[in-house]
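Data first, discussion second: the structure below is written as structure tokens.
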Amino acid sequence: MAKLILVTGLAILLNVQLGSSYQLMCYYTSWAKDRPTEGSFKPGNIDPCLCTHLIYAFAGMKNNEITYLSEQDLRDYEALNGLKDRNTELKTLLAIGGWKFGPAPFSSMVSTPQNRQTFIKSVIRFLRQYNFDGLNLDWQYPGSRGSPPKDKHLFSVLVQEMRKAFEEESTLNHIPRLLLTSTGAGFIDVIKSGYKIPELSQSLDYIQVMTYDLHDPKNGYTGENSPLYKSPYDIGKSADLNVDSIITYWKDHGAASEKLIVGFPAYGHTFILSDPSKNGIGDPTVSAGPPGKYTNEQGLLAYFEICTFLNEGATEIFDATQEVPYAYLGNEWVGYDNVRSFKLKAQWLKDNNLGGAVVWPLDMDDFSGSFCHQGRFPLTTTLKRDLNVHSASCKASYRGEL
């Protein structure tokens, strides 16, 4: 018995010292600081002990070179990277691209070897100048949205050339190599059109898969934003609109499990019901829901805004089939995630030996704790706890600077 207690104690001690093998990545969006009053979120509001990686969204591109989008970005870079003073194990990445950025600048950049080298050299200079630890390529998407079919191959070429350049720069200067990650699509047709998965998996450090935005108001019926499993109403191609099917596809087609980072949304999609009495999954809708008070985007509510919706009397239902909740009040309907669904997904992630989780975005979690009354960052904290993510070097706590 004494020997068993000793072994158990050593295992616990080693776990505390070495930390989790899972990554917990968190996006910070540059426009979050512009939200009104209690919804405004700045780099100083970030708890430096919460995530293993912070990803700043987004940088831009000009003449095939990476660039900042505003002078304020430069101040944000300094504040974000200053968090590493309080957590020496924290890594920061700069994301380039995004949905609004579109595929055209990427398509032009990858089209010639000269353009690719111009971009790669600019990335190394830029990341080192502003003290980032790596890059997140958020091209939405190679081979789709007007991007030609050849971009599927050229994206792999870019990633291979960039990884090689990062390694050479590291060796030459005797410094840690820059990290290289890519956002990965969550729709099977887009994945097929855009990615040579085995090649990408070999060169990338991580692939952050967008396992969200799987149902939205454009569909004309209610559906969950990020269901873990399929609904009985999901037939045909819709049967793949769930986290389990998407990640399984990536794994089955050549992605290393430990490099797959599962997307966890800190927001939900909202709908206006055609008939308020028909308020389940798959019921007809007429439009997107009204914009949130703070996020001001039609068809979307941040998690902290959803808590207000619930506090106003909305009925919350937990869909045991898809393992995510939805809620409705009158003709308004929202499909989202909460602490319970994050816990279930975290366990599923561990059961499948995946690399970790990425929260999009951190600034839509209840960062102040004043809306949901579940503590600060309740969704992200759930992942931190359930994935056993911690940093022995991090002594600073959340200070909530403005």
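Using N, Cα and C of the backbone, Cβ positions are placed for all residues, glycine too.
Taking Cβ-Cβ distances under 8 Å and a sequence separation of 6 or more, the neighbours of Trp99 (chitin binding site) in its chain are Gln140. Annotation source Swiss-Prot lists chitin binding site at Ser70, Glu71, Gly97, Gly98, Trp99, Lys100, Tyr141, Met210, Thr211, Tyr212, Asp213, Trp360.
Taken residue by residue with DSSP, Cys26 (disulfide bond) is part of a strand. For Cys26-Cys51 (among others), the entry in Swiss-Prot reads disulfide bond.
Taking Cβ-Cβ distances under 8 Å and a sequence separation of 6 or more, the neighbours of Cys307 (disulfide bond) in its chain are Asp366, Phe371, Cys372, His373. When secondary structure is read from DSSP and collapsed to three states, Cys307 (disulfide bond) falls in the helix class. According to Swiss-Prot, the feature disulfide bond maps to Cys307-Cys372 (among others).
The annotation domain 'GH18' is assigned in Swiss-Prot to 22-390.
Positions annotated as signal peptide by Swiss-Prot: 1-21.
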Open item on the list: Mean pLDDT across the domain 'GH18' (22-390), rounded to an integer, is what?
Closed with: 98
- [ ] Express the distance between the Cα positions of Cys26 (disulfide bond) and Gly97 (chitin binding site) as a whole number of Å.
- [x] 16
- [ ] Return the single residue from the disulfide-bonded residues list (Cys26, Cys51, Cys372) that has the minimum number of other CB atoms within 10 Å.
- [x] Cys372
Open item on the list: Need one number for the chitin-binding residues Ser70, Glu71, Gly97, Gly98, Trp99, Lys100, Tyr141, Met210, Thr211, Tyr212, Asp213, Trp360: the maximum pairwise CA distance in Å, whole number please.
Closed with: 32
